[in-house]
């Protein structure tokens with residue numbers, strides 16, 4: 001629910017109470033929820049709104065803490081509309097004007113309208129402040145909180161029962177939980193409590209209020225590389241999404257920065273990095289600055305460089321990959337090299353190669369099993385390379401797909417370096433899909449997770465997050481006392497990072513340049529010598545200056 005603190009308030013109430021909406025000019029004791037709302041002093045509207053907001057949030061937190069000691073869920077009932085409030089005022093005035101008890105009742109019966117019954121549904125404030133962060137064991141954590149999701153009935157949901165929709169498309173919780181939530185009001189349709197067998201129609205609004213448990217993210221700071229009146233250049237940590245999405249809300253770049261800079265601060269991200277990718281990001285302070293940089297990037301007058309850690313020994317020298325890229329499953333966000341795809345071009349150059357300790361080449365893999373003679377996965381025996389990547393075009397997953405096609409996928413990429421999906425050769429040189437058809441790839445990936453993927457899993461980082469949740473998270477054996485949700489152990493380092501880092505952005509004419517430090521996984525391992533910094537982009541640009549003169 002969205003709240004406008006400058007005009008009206010919503011009162012927090014208990015399971016059986018009801019809240020009244022009070023304009024700021026009518027601060028008083030709320031008889032329904034017993035919250036004392038003191039009349040504010042004569043101060044400017046903004047100050048009054050802030051005062052009242054802080055007071056309500058403090059009271060809300062107190063009631064939340066008390067509610068957590070009982071099995072009944074907390075409830076915030078939508079306030080009555082202005083029309084209903086006016087009706088109540090009219091009724092009270094009419095009743096008070098009667099001569100004695102009987103006279104008052106007679107007048108009321110003549111003039112009053114029946115008051116609409118408010119549905120006992122559960123909704124919550126949408127923007128609590130301050131953000132409920134705390135730090136523990138190297139993670140930034142968010143205290144569990146109540147949150148309401150809102151969505152409209154999609155075309156494919158029409159004519160289907162509510163429980164059927166949640167069973168097929170929102171399977172992160174047990175079916176029995178959803179059944180109880182629909183019967184108890186946590187899941188509502190059009191602000192009314194309906195049973196699990198309610199049939200959805202076009203135009204229905206579905207809300208789901210739950211006790212939200214956000215996954216932890218790294219406690220590493222969001223590094224500031226540059227800041228002026230228009231732009232902030234940051235070094236984004238891996239594992240932190242840019243925007244609230246999926247299971248992440250307050251543990252996102254924009255919300256973390258907002259928490260540090262104040263509730264009125266607005267972020268305008270200019271480039272997108274997947275949740276697991278680290279490195280340079282531009283956060284504009286105003287729309288004008290965001291549009292200006294966006295136009296520069298679209299015109300290809302901005303050079304970008306990434307660093308990747310890939311499987312095996314990458315070829316020496318500049319390697320240009322011109323293979324087109326096709327989205328073979330928009331729902332899954334899955335892409336591959338295909339002749340009928342969109343034009344794409346990337347320049348690669350090996351920065352360093354680190355062989356496995358045994359020898360440079362490692363044991364010969366057994367193609368039947370995908371394992372070495374020692375029974376270990378072959379990819380672990382080939383060593384790895386640190387590769388510089390300069391994307392000339394900007395296709396989705398371009399670097400990952402091109403590296404996979406060249407036979408050197410990113411080493412810890414759970415999708416494009418997964419032999420269970422792509423086969424032993426990982427899609428290397430499979431431009432005509434002769435080794436693995438699109439249907440084969442999608443089928444194998446589906447067997448790893450949801451067979452009927454919802455639209456919510458449309459982006460790669462969400463797909464990776466879902467993959468890690470199934471593959472690596474282990475049940476802790478504990479259950480939340482408030483919502484009975486099973487709790488998980490903390491994610492490991494491999495679940496918080498993809499070995500791909502946005503290293504450099506620079507204007508081709510030299511007007512500005514920003515370079516971030518090399519991540520730890522790109523530095524020489526113990527016992528090896530190797531580069532600890534990267535030179536200029538001249539060699540990368542030289543490799544494509546004839547076909548892409550705009551970047552010179």
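Even glycines carry a Cβ here, placed using N, Cα and C.
A TrEMBL annotation is a machine prediction, not a hand-curated record.
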Task: Range among 278-302, 303-327, 328-352, 353-377 that TrEMBL annotates as region 'Disordered' - done: 353-377
TODO: Summarise the model confidence on the domain 'Pseudouridine synthase RsuA/RluA-like' (230-404) as a single mean pLDDT, whole number.
DONE: 87
Task: Three-state secondary structure, residue 274 (active site) (per DSSP) - done: coil
